[in-house]
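Trainee: Before we start, here is the structure in question, set down as C-alpha coordinates.
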Amino acid sequence: MELVVKSVAAASVKTATLVVPVGEGRKLGAVAKAVDLATDGAISAVLKRGDLAGKPGQTLLLQNLPGLKAERVLLVGSGKDEALGDRAWRKLVASVAGVLKGLNGSDAVLALDDIAVSNRDAHYGKYRLLAETLLDGEYVFDRFKSQKAEPRALKKITLLADKAGLTEVERAARHATAIATGMAFTRDLGNLPPNLCHPSYLAEQAKELGKAHKGLKVEVFDEKKIKDLGMGAFYAVGQGSEQPPRLIVLQYQGAKKSDKPFVLVGKGITFDTGGISLKPGAGMDEMKYDMCGAASVFGTLRAVLELKLPINLVCILACAENMPSGNATRPGDIVTTMSGQTVEILNTDAEGRLVLCDALTYAERFKPQAVIDIATLTGACIVALGSHTAGLLGNNDELIGQLLDAGKRADDRAWQLPLFDEYQEQLDSPFADIANIGGPKAGTITAACFLSRFAKAYNWAHLDIAGTAWVSGGKDKGATGRPVPLLTQYLLDRASA
(Lines of atoms letter the chains of each structure in order from A and count residues from 1; the text may use other names and numbers.)
(Lines give C-alpha, C1' and ligand atoms only; values in the text may rest on other atoms or scores of the structure.)
Protein backbone atom coordinates (compact mmCIF):
# COMPACT_ATOMS: atom_id res chain seq x y z
CA MET A 1 0.00 0.00 0.00
CA GLU A 2 1.26 3.46 -0.94
CA LEU A 3 1.44 6.27 1.61
CA VAL A 4 1.23 9.85 0.32
CA VAL A 5 1.46 13.10 2.30
CA LYS A 6 -0.27 16.31 1.20
CA SER A 7 -1.19 19.70 2.58
CA VAL A 8 -4.64 20.56 1.20
CA ALA A 9 -8.04 21.37 2.66
CA ALA A 10 -9.90 18.21 3.68
CA ALA A 11 -13.17 19.53 2.33
CA SER A 12 -11.70 19.86 -1.17
CA VAL A 13 -10.11 16.43 -1.67
CA LYS A 14 -11.42 13.94 -4.20
CA THR A 15 -11.28 10.47 -2.69
CA ALA A 16 -13.24 7.29 -2.15
CA THR A 17 -13.22 7.85 1.63
CA LEU A 18 -12.38 10.89 3.74
CA VAL A 19 -11.66 10.12 7.41
CA VAL A 20 -12.50 12.87 9.92
CA PRO A 21 -12.32 12.78 13.75
CA VAL A 22 -15.17 13.62 16.12
CA GLY A 23 -14.66 14.11 19.86
CA GLU A 24 -16.88 12.89 22.66
CA GLY A 25 -19.99 14.99 23.09
CA ARG A 26 -20.15 15.45 19.30
CA LYS A 27 -17.28 17.97 19.42
CA LEU A 28 -15.83 18.94 16.06
CA GLY A 29 -12.24 20.08 15.67
CA ALA A 30 -11.05 22.59 13.07
CA VAL A 31 -10.86 20.00 10.28
CA ALA A 32 -14.27 18.48 11.03
CA LYS A 33 -15.85 21.94 11.29
CA ALA A 34 -14.53 22.88 7.84
CA VAL A 35 -15.87 19.64 6.35
CA ASP A 36 -19.19 20.13 8.13
CA LEU A 37 -19.42 23.67 6.78
CA ALA A 38 -18.83 22.41 3.24
CA THR A 39 -21.71 19.95 3.67
CA ASP A 40 -24.00 22.70 4.96
CA GLY A 41 -24.15 21.09 8.39
CA ALA A 42 -24.90 17.54 7.23
CA ILE A 43 -22.37 16.04 9.64
CA SER A 44 -23.73 18.00 12.61
CA ALA A 45 -27.24 16.89 11.72
CA VAL A 46 -26.20 13.23 11.72
CA LEU A 47 -24.36 13.59 15.03
CA LYS A 48 -27.40 15.14 16.70
CA ARG A 49 -29.23 11.86 16.17
CA GLY A 50 -26.75 10.27 18.58
CA ASP A 51 -25.37 7.60 16.25
CA LEU A 52 -21.76 8.33 17.25
CA ALA A 53 -20.72 9.00 20.85
CA GLY A 54 -17.19 9.97 19.84
CA LYS A 55 -15.38 7.45 22.02
CA PRO A 56 -11.91 6.56 20.68
CA GLY A 57 -12.12 4.20 17.71
CA GLN A 58 -15.89 4.32 17.23
CA THR A 59 -16.80 4.79 13.57
CA LEU A 60 -19.75 5.95 11.49
CA LEU A 61 -19.73 5.79 7.68
CA LEU A 62 -21.64 8.44 5.73
CA GLN A 63 -22.31 8.27 2.00
CA ASN A 64 -22.68 10.96 -0.67
CA LEU A 65 -22.64 14.05 1.53
CA PRO A 66 -23.41 17.28 -0.34
CA GLY A 67 -20.65 19.78 -1.06
CA LEU A 68 -17.79 17.27 -1.00
CA LYS A 69 -15.75 15.51 -3.68
CA ALA A 70 -15.31 12.56 -1.31
CA GLU A 71 -17.67 9.68 -2.05
CA ARG A 72 -17.79 8.70 1.62
CA VAL A 73 -16.96 10.31 4.94
CA LEU A 74 -15.83 8.05 7.76
CA LEU A 75 -16.27 9.68 11.15
CA VAL A 76 -14.01 8.26 13.84
CA GLY A 77 -14.34 8.95 17.55
CA SER A 78 -11.30 10.65 19.08
CA GLY A 79 -12.42 10.70 22.71
CA LYS A 80 -12.29 13.53 25.21
CA ASP A 81 -10.24 16.67 24.87
CA GLU A 82 -7.09 15.20 26.42
CA ALA A 83 -4.41 13.62 24.25
CA LEU A 84 -4.58 9.91 23.45
CA GLY A 85 -1.89 7.50 24.63
CA ASP A 86 0.06 5.37 22.17
CA ARG A 87 -2.17 2.34 22.73
CA ALA A 88 -5.42 4.27 22.22
CA TRP A 89 -3.97 5.95 19.11
CA ARG A 90 -2.96 2.62 17.60
CA LYS A 91 -6.42 1.18 18.35
CA LEU A 92 -8.09 4.18 16.70
CA VAL A 93 -5.94 3.82 13.58
CA ALA A 94 -6.55 0.06 13.47
CA SER A 95 -10.30 0.68 13.77
CA VAL A 96 -10.19 3.04 10.79
CA ALA A 97 -8.09 0.57 8.80
CA GLY A 98 -10.57 -2.20 9.55
CA VAL A 99 -13.44 -0.19 8.08
CA LEU A 100 -11.41 0.88 5.04
CA LYS A 101 -10.49 -2.73 4.25
CA GLY A 102 -14.17 -3.60 4.04
CA LEU A 103 -14.93 -0.89 1.50
CA ASN A 104 -14.51 -1.04 -2.25
CA GLY A 105 -12.58 2.22 -2.50
CA SER A 106 -9.07 2.21 -3.93
CA ASP A 107 -7.92 5.18 -1.88
CA ALA A 108 -8.60 7.04 1.35
CA VAL A 109 -7.61 10.38 2.84
CA LEU A 110 -6.94 10.70 6.57
CA ALA A 111 -7.52 14.18 8.02
CA LEU A 112 -6.48 13.54 11.62
CA ASP A 113 -4.46 16.64 12.47
CA ASP A 114 -6.92 17.57 15.23
CA ILE A 115 -6.04 14.50 17.31
CA ALA A 116 -3.22 14.93 19.83
CA VAL A 117 -1.12 11.99 21.05
CA SER A 118 0.57 12.36 24.42
CA ASN A 119 4.38 12.47 24.48
CA ARG A 120 4.50 12.66 20.68
CA ASP A 121 4.94 15.74 18.55
CA ALA A 122 2.06 16.66 16.25
CA HIS A 123 3.91 15.68 13.09
CA TYR A 124 6.73 13.13 13.04
CA GLY A 125 6.00 11.20 16.22
CA LYS A 126 2.24 10.95 15.84
CA TYR A 127 2.23 10.14 12.14
CA ARG A 128 5.05 7.63 12.27
CA LEU A 129 3.07 5.56 14.75
CA LEU A 130 -0.02 5.93 12.55
CA ALA A 131 1.83 4.89 9.40
CA GLU A 132 3.48 1.88 11.05
CA THR A 133 0.11 0.72 12.37
CA LEU A 134 -1.48 1.01 8.93
CA LEU A 135 1.34 -0.75 7.10
CA ASP A 136 1.87 -3.52 9.63
CA GLY A 137 -1.87 -4.18 9.53
CA GLU A 138 -1.57 -4.96 5.82
CA TYR A 139 0.60 -8.01 6.50
CA VAL A 140 -0.75 -11.35 5.26
CA PHE A 141 1.08 -14.69 5.25
CA ASP A 142 -0.74 -17.09 2.95
CA ARG A 143 2.16 -18.61 1.03
CA PHE A 144 1.08 -22.15 1.87
CA LYS A 145 -2.68 -21.64 1.52
CA SER A 146 -4.25 -23.11 -1.61
CA GLN A 147 -6.80 -20.28 -1.44
CA LYS A 148 -5.01 -16.95 -1.26
CA ALA A 149 -6.42 -13.87 0.44
CA GLU A 150 -8.53 -11.68 -1.83
CA PRO A 151 -6.59 -8.68 -3.19
CA ARG A 152 -7.58 -5.58 -1.25
CA ALA A 153 -9.20 -2.70 -3.07
CA LEU A 154 -7.37 -0.10 -0.96
CA LYS A 155 -4.10 0.80 -2.70
CA LYS A 156 -3.27 4.29 -1.45
CA ILE A 157 -3.73 6.31 1.73
CA THR A 158 -3.09 10.05 1.80
CA LEU A 159 -2.19 11.71 5.08
CA LEU A 160 -3.23 15.36 5.30
CA ALA A 161 -0.82 17.58 7.22
CA ASP A 162 -0.54 21.31 7.76
CA LYS A 163 2.14 23.09 5.73
CA ALA A 164 4.36 23.64 8.75
CA GLY A 165 4.57 19.92 9.43
CA LEU A 166 4.57 18.58 5.88
CA THR A 167 8.28 17.72 5.73
CA GLU A 168 8.20 15.96 9.10
CA VAL A 169 5.13 13.90 8.21
CA GLU A 170 6.80 12.90 4.92
CA ARG A 171 9.86 11.82 6.91
CA ALA A 172 7.63 9.86 9.28
CA ALA A 173 5.96 8.06 6.37
CA ARG A 174 9.34 7.23 4.81
CA HIS A 175 10.73 5.83 8.06
CA ALA A 176 7.53 3.91 8.80
CA THR A 177 7.55 2.36 5.34
CA ALA A 178 11.13 1.13 5.79
CA ILE A 179 10.38 -0.26 9.25
CA ALA A 180 7.22 -1.98 8.02
CA THR A 181 9.21 -3.54 5.16
CA GLY A 182 11.74 -4.85 7.66
CA MET A 183 9.03 -6.16 9.97
CA ALA A 184 7.28 -7.96 7.11
CA PHE A 185 10.55 -9.64 6.10
CA THR A 186 11.14 -10.67 9.72
CA ARG A 187 7.61 -12.05 10.00
CA ASP A 188 7.92 -13.96 6.73
CA LEU A 189 11.10 -15.68 7.90
CA GLY A 190 9.61 -16.47 11.30
CA ASN A 191 6.39 -17.87 9.86
CA LEU A 192 8.11 -20.19 7.39
CA PRO A 193 7.99 -23.89 8.33
CA PRO A 194 11.24 -25.35 9.65
CA ASN A 195 11.49 -27.94 6.88
CA LEU A 196 12.11 -25.00 4.52
CA CYS A 197 13.65 -22.36 6.78
CA HIS A 198 16.87 -24.01 7.96
CA PRO A 199 20.36 -22.49 8.36
CA SER A 200 21.25 -22.92 4.68
CA TYR A 201 18.00 -21.21 3.66
CA LEU A 202 18.86 -18.20 5.83
CA ALA A 203 22.31 -18.14 4.23
CA GLU A 204 20.66 -18.02 0.79
CA GLN A 205 18.47 -15.13 1.94
CA ALA A 206 21.60 -13.25 2.97
CA LYS A 207 23.18 -13.86 -0.44
CA GLU A 208 20.02 -12.65 -2.20
CA LEU A 209 20.09 -9.49 -0.09
CA GLY A 210 23.72 -9.00 -1.09
CA LYS A 211 22.84 -9.32 -4.78
CA ALA A 212 20.09 -6.73 -4.42
CA HIS A 213 22.37 -4.26 -2.60
CA LYS A 214 25.80 -4.05 -4.19
CA GLY A 215 27.39 -2.27 -1.24
CA LEU A 216 26.48 -5.09 1.15
CA LYS A 217 29.27 -7.57 1.87
CA VAL A 218 28.03 -11.08 2.66
CA GLU A 219 30.05 -13.97 4.09
CA VAL A 220 28.69 -17.42 4.92
CA PHE A 221 30.79 -19.81 7.02
CA ASP A 222 30.00 -23.52 6.83
CA GLU A 223 30.41 -26.07 9.62
CA LYS A 224 34.09 -26.68 8.76
CA LYS A 225 34.88 -22.97 9.01
CA ILE A 226 32.90 -22.71 12.25
CA LYS A 227 34.99 -25.54 13.68
CA ASP A 228 38.24 -24.08 12.32
CA LEU A 229 37.45 -20.76 14.02
CA GLY A 230 37.33 -22.61 17.33
CA MET A 231 33.61 -22.05 17.84
CA GLY A 232 33.16 -25.22 19.86
CA ALA A 233 29.96 -24.10 21.59
CA PHE A 234 28.26 -23.03 18.36
CA TYR A 235 29.35 -26.21 16.57
CA ALA A 236 28.06 -28.41 19.40
CA VAL A 237 24.49 -27.13 19.03
CA GLY A 238 24.14 -28.17 15.39
CA GLN A 239 26.01 -31.47 15.42
CA GLY A 240 22.86 -33.55 16.06
CA SER A 241 21.06 -32.26 12.97
CA GLU A 242 21.14 -33.27 9.32
CA GLN A 243 20.94 -29.52 8.59
CA PRO A 244 24.46 -28.07 9.03
CA PRO A 245 25.00 -24.81 10.96
CA ARG A 246 25.87 -21.56 9.26
CA LEU A 247 27.49 -18.36 10.52
CA ILE A 248 26.29 -15.45 8.37
CA VAL A 249 28.08 -12.09 8.42
CA LEU A 250 26.71 -9.06 6.57
CA GLN A 251 28.58 -5.75 6.47
CA TYR A 252 26.94 -2.47 5.45
CA GLN A 253 29.08 0.64 5.02
CA GLY A 254 27.03 3.82 5.03
CA ALA A 255 29.66 5.99 6.73
CA LYS A 256 33.42 6.48 6.45
CA LYS A 257 35.39 3.24 6.50
CA SER A 258 37.20 4.48 9.60
CA ASP A 259 33.95 4.86 11.58
CA LYS A 260 33.46 2.07 14.08
CA PRO A 261 30.44 -0.09 13.25
CA PHE A 262 27.44 -1.07 15.30
CA VAL A 263 27.04 -4.83 15.50
CA LEU A 264 23.78 -6.78 15.73
CA VAL A 265 24.05 -10.45 16.67
CA GLY A 266 21.01 -12.67 16.08
CA LYS A 267 20.21 -16.09 17.47
CA GLY A 268 19.09 -18.24 14.54
CA ILE A 269 17.95 -21.60 15.89
CA THR A 270 15.70 -22.59 13.01
CA PHE A 271 14.07 -25.35 15.04
CA ASP A 272 14.63 -26.17 18.70
CA THR A 273 13.61 -29.59 19.95
CA GLY A 274 15.76 -29.06 23.03
CA GLY A 275 18.17 -31.69 21.74
CA ILE A 276 18.84 -34.60 24.11
CA SER A 277 17.20 -32.48 26.85
CA LEU A 278 14.02 -32.87 24.83
CA LYS A 279 11.18 -30.37 25.12
CA PRO A 280 7.57 -31.51 25.74
CA GLY A 281 5.67 -32.20 22.51
CA ALA A 282 2.80 -29.78 23.13
CA GLY A 283 3.45 -26.50 21.36
CA MET A 284 6.80 -27.62 19.97
CA ASP A 285 5.73 -26.43 16.51
CA GLU A 286 6.30 -22.89 17.78
CA MET A 287 9.99 -23.62 18.19
CA LYS A 288 10.34 -22.64 14.54
CA TYR A 289 10.25 -19.12 15.99
CA ASP A 290 13.54 -19.69 17.83
CA MET A 291 15.28 -17.98 14.92
CA CYS A 292 13.36 -14.72 15.35
CA GLY A 293 16.42 -12.98 16.77
CA ALA A 294 18.25 -13.59 13.50
CA ALA A 295 15.10 -12.73 11.55
CA SER A 296 14.81 -9.38 13.35
CA VAL A 297 18.43 -8.58 12.50
CA PHE A 298 17.63 -9.32 8.84
CA GLY A 299 14.58 -7.05 9.08
CA THR A 300 16.49 -4.22 10.71
CA LEU A 301 19.16 -4.45 8.03
CA ARG A 302 16.43 -4.23 5.37
CA ALA A 303 15.17 -1.01 6.97
CA VAL A 304 18.69 0.43 7.19
CA LEU A 305 19.35 -0.40 3.53
CA GLU A 306 16.09 1.23 2.44
CA LEU A 307 16.83 4.38 4.45
CA LYS A 308 20.52 4.43 3.42
CA LEU A 309 21.51 5.39 6.97
CA PRO A 310 24.95 7.03 7.28
CA ILE A 311 26.32 4.43 9.70
CA ASN A 312 28.42 1.29 9.48
CA LEU A 313 26.58 -1.85 10.53
CA VAL A 314 27.67 -5.47 10.92
CA CYS A 315 25.06 -8.22 11.29
CA ILE A 316 26.14 -11.62 12.62
CA LEU A 317 23.63 -14.47 12.47
CA ALA A 318 24.43 -17.67 14.33
CA CYS A 319 22.18 -20.28 12.71
CA ALA A 320 21.74 -23.92 13.67
CA GLU A 321 19.07 -26.57 14.23
CA ASN A 322 18.97 -28.22 17.67
CA MET A 323 18.02 -31.88 17.17
CA PRO A 324 18.53 -35.14 19.08
CA SER A 325 20.47 -37.94 17.41
CA GLY A 326 23.39 -40.28 17.95
CA ASN A 327 25.69 -37.37 17.07
CA ALA A 328 23.97 -34.82 19.30
CA THR A 329 25.63 -33.07 22.21
CA ARG A 330 24.95 -34.77 25.56
CA PRO A 331 24.26 -33.21 28.96
CA GLY A 332 27.64 -33.27 30.69
CA ASP A 333 29.69 -32.60 27.55
CA ILE A 334 32.37 -29.92 27.86
CA VAL A 335 33.22 -27.70 24.88
CA THR A 336 35.82 -25.02 24.27
CA THR A 337 34.52 -21.70 22.97
CA MET A 338 36.23 -19.35 20.53
CA SER A 339 37.27 -17.20 23.51
CA GLY A 340 39.12 -20.16 25.05
CA GLN A 341 36.66 -20.48 27.94
CA THR A 342 35.28 -23.96 28.53
CA VAL A 343 31.57 -24.66 29.03
CA GLU A 344 29.92 -27.62 30.72
CA ILE A 345 26.65 -28.24 28.87
CA LEU A 346 24.26 -29.32 31.61
CA ASN A 347 21.14 -28.79 29.50
CA THR A 348 21.15 -29.03 25.71
CA ASP A 349 17.94 -26.95 25.64
CA ALA A 350 19.97 -23.94 26.78
CA GLU A 351 21.50 -23.81 23.32
CA GLY A 352 20.89 -20.20 22.30
CA ARG A 353 23.60 -18.88 24.59
CA LEU A 354 26.01 -21.45 23.11
CA VAL A 355 25.68 -20.16 19.55
CA LEU A 356 25.64 -16.55 20.74
CA CYS A 357 28.75 -16.73 22.90
CA ASP A 358 30.97 -17.63 19.95
CA ALA A 359 29.27 -15.03 17.75
CA LEU A 360 29.92 -12.39 20.43
CA THR A 361 33.59 -13.34 20.50
CA TYR A 362 33.72 -13.11 16.71
CA ALA A 363 32.26 -9.58 16.93
CA GLU A 364 35.43 -8.33 18.67
CA ARG A 365 37.34 -8.23 15.37
CA PHE A 366 35.15 -5.37 14.11
CA LYS A 367 36.18 -3.06 17.00
CA PRO A 368 32.53 -2.01 17.39
CA GLN A 369 30.96 1.08 18.92
CA ALA A 370 28.36 -1.20 20.47
CA VAL A 371 27.13 -4.78 20.16
CA ILE A 372 23.49 -5.78 20.65
CA ASP A 373 22.46 -9.41 20.63
CA ILE A 374 18.83 -10.34 20.01
CA ALA A 375 17.48 -13.74 21.02
CA THR A 376 14.39 -15.70 21.96
CA LEU A 377 16.53 -16.88 24.83
CA THR A 378 14.54 -17.79 27.95
CA GLY A 379 11.06 -18.88 28.93
CA ALA A 380 11.84 -17.13 32.21
CA CYS A 381 11.58 -13.80 30.40
CA ILE A 382 7.99 -14.61 29.43
CA VAL A 383 7.22 -15.45 33.06
CA ALA A 384 8.79 -12.19 34.25
CA LEU A 385 7.59 -9.73 31.60
CA GLY A 386 4.87 -11.44 29.57
CA SER A 387 4.49 -10.53 25.92
CA HIS A 388 4.40 -6.74 26.08
CA THR A 389 8.05 -5.89 26.57
CA ALA A 390 11.45 -7.39 25.81
CA GLY A 391 14.00 -8.01 28.54
CA LEU A 392 17.11 -5.82 28.36
CA LEU A 393 20.44 -6.35 30.09
CA GLY A 394 23.95 -5.14 29.40
CA ASN A 395 27.28 -3.82 30.62
CA ASN A 396 26.96 -0.13 29.66
CA ASP A 397 24.40 2.24 31.19
CA GLU A 398 24.51 4.71 28.30
CA LEU A 399 23.77 1.99 25.74
CA ILE A 400 20.97 0.59 27.90
CA GLY A 401 19.46 4.08 28.21
CA GLN A 402 19.63 4.62 24.45
CA LEU A 403 17.82 1.34 23.79
CA LEU A 404 15.15 2.02 26.41
CA ASP A 405 14.54 5.46 24.89
CA ALA A 406 14.40 4.02 21.36
CA GLY A 407 11.88 1.44 22.52
CA LYS A 408 9.61 4.09 24.04
CA ARG A 409 9.67 6.26 20.94
CA ALA A 410 9.13 3.32 18.60
CA ASP A 411 6.38 1.92 20.86
CA ASP A 412 8.39 -1.31 20.97
CA ARG A 413 9.39 -1.29 24.58
CA ALA A 414 12.10 -3.02 26.56
CA TRP A 415 12.57 -3.30 30.32
CA GLN A 416 15.92 -3.42 32.07
CA LEU A 417 16.76 -6.32 34.37
CA PRO A 418 19.81 -6.36 36.68
CA LEU A 419 23.13 -7.97 35.88
CA PHE A 420 24.62 -8.07 39.37
CA ASP A 421 27.83 -10.02 39.99
CA GLU A 422 26.07 -12.16 42.60
CA TYR A 423 24.12 -13.92 39.84
CA GLN A 424 27.35 -15.06 38.18
CA GLU A 425 27.95 -17.57 40.97
CA GLN A 426 24.96 -19.62 39.78
CA LEU A 427 26.97 -20.51 36.65
CA ASP A 428 29.89 -22.07 38.52
CA SER A 429 30.92 -25.53 37.31
CA PRO A 430 33.20 -27.98 39.15
CA PHE A 431 34.54 -29.27 35.83
CA ALA A 432 34.69 -26.30 33.41
CA ASP A 433 35.04 -22.53 33.46
CA ILE A 434 31.29 -22.07 33.27
CA ALA A 435 28.05 -24.07 33.19
CA ASN A 436 25.47 -23.28 30.52
CA ILE A 437 22.59 -23.05 33.02
CA GLY A 438 22.32 -21.44 36.44
CA GLY A 439 19.47 -23.31 38.08
CA PRO A 440 15.78 -22.42 38.34
CA LYS A 441 16.14 -18.91 39.77
CA ALA A 442 16.51 -15.73 37.68
CA GLY A 443 16.81 -17.63 34.40
CA THR A 444 16.79 -14.56 32.15
CA ILE A 445 19.46 -12.88 34.24
CA THR A 446 21.77 -15.88 34.48
CA ALA A 447 21.49 -16.42 30.71
CA ALA A 448 22.63 -12.83 30.21
CA CYS A 449 25.37 -13.36 32.81
CA PHE A 450 26.63 -16.25 30.69
CA LEU A 451 26.74 -14.03 27.59
CA SER A 452 28.40 -11.17 29.49
CA ARG A 453 31.52 -13.30 29.94
CA PHE A 454 32.02 -13.19 26.18
CA ALA A 455 31.26 -9.47 25.75
CA LYS A 456 33.87 -7.79 27.93
CA ALA A 457 35.76 -6.16 25.05
CA TYR A 458 33.01 -3.68 24.09
CA ASN A 459 29.77 -1.98 25.09
CA TRP A 460 27.14 -4.70 24.95
CA ALA A 461 23.41 -5.15 25.40
CA HIS A 462 21.21 -8.23 25.26
CA LEU A 463 17.55 -8.21 24.18
CA ASP A 464 15.57 -11.27 25.27
CA ILE A 465 12.57 -11.33 22.91
CA ALA A 466 11.14 -14.71 23.95
CA GLY A 467 7.85 -13.07 24.91
CA THR A 468 7.56 -10.53 22.10
CA ALA A 469 8.80 -12.27 18.93
CA TRP A 470 5.61 -14.20 18.18
CA VAL A 471 1.99 -14.63 19.23
CA SER A 472 1.04 -18.13 20.38
CA GLY A 473 -2.10 -19.97 19.28
CA GLY A 474 -5.40 -18.61 17.97
CA LYS A 475 -6.18 -16.74 14.77
CA ASP A 476 -3.44 -14.17 15.42
CA LYS A 477 -0.71 -16.79 15.79
CA GLY A 478 2.50 -15.79 14.07
CA ALA A 479 5.68 -13.75 14.16
CA THR A 480 5.32 -10.11 15.23
CA GLY A 481 8.32 -8.48 13.57
CA ARG A 482 9.59 -7.14 16.89
CA PRO A 483 12.06 -5.70 17.83
CA VAL A 484 12.69 -4.24 14.35
CA PRO A 485 11.08 -0.88 15.33
CA LEU A 486 13.24 -0.58 18.46
CA LEU A 487 16.47 -1.51 16.69
CA THR A 488 15.79 0.72 13.69
CA GLN A 489 14.96 3.64 15.98
CA TYR A 490 18.20 3.08 17.87
CA LEU A 491 20.18 3.19 14.62
CA LEU A 492 18.21 6.22 13.35
CA ASP A 493 19.18 8.00 16.56
CA ARG A 494 22.84 7.09 16.13
CA ALA A 495 22.75 8.22 12.49
CA SER A 496 21.51 11.66 13.53
CA ALA A 497 23.73 12.00 16.62
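One is the number of the first residue shown, and numbering goes on along the chain from there.
Including glycine, each Cβ sits where the backbone N, Cα and C put it.
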Trainee: Quick one: which of D228, D290, D373 does Swiss-Prot put in the Mn(2+) 2 site with K267, D272, E351?
Mentor: D290
Trainee: For the recorded Mn(2+) 2 site formed by K267, D272, D290, E351, which further same-chain residues have Cβ atoms within 8 Å of the site's Cβ center?
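Mentor: Neighbours found: V237, G268, I269, M287, M291, A320, N322, G352, V355, A375, T376.
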Trainee: How far is it from D349 (Mn(2+) 1 binding site) to D290 (Mn(2+) 2 binding site), counting Cα to Cα, in Å?
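Mentor: The separation of the Cα atoms works out to 12 Å.
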Trainee: Could you measure between K267 (Mn(2+) 2 binding site) and R353 (active site) for me? Cα positions, answer in whole angstrom.
Mentor: 8
Trainee: May I ask you to report the DSSP-based helix, strand or coil state of D272 (Mn(2+) 2 binding site)?
Mentor: strand
Trainee: Specify all same-chain residues, apart from the site residues D272, D349, E351, whose Cβ lies within 8 angstroms of the center of the Cβ atoms of the Mn(2+) 1 site, ordered by sequence.
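Mentor: Filtered neighbour residues, in order: V237, I269, T273, G274, G275, S277, K279, M287, D290, N322, T348, A350, G352.
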Trainee: For the C-alpha pair, I'd like the distance in angstrom between E351 (Mn(2+) 2 binding site) and K279 (active site), rounded off.
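Mentor: Cα-Cα distance, E351 (Mn(2+) 2 binding site) to K279 (active site): 12 Å.
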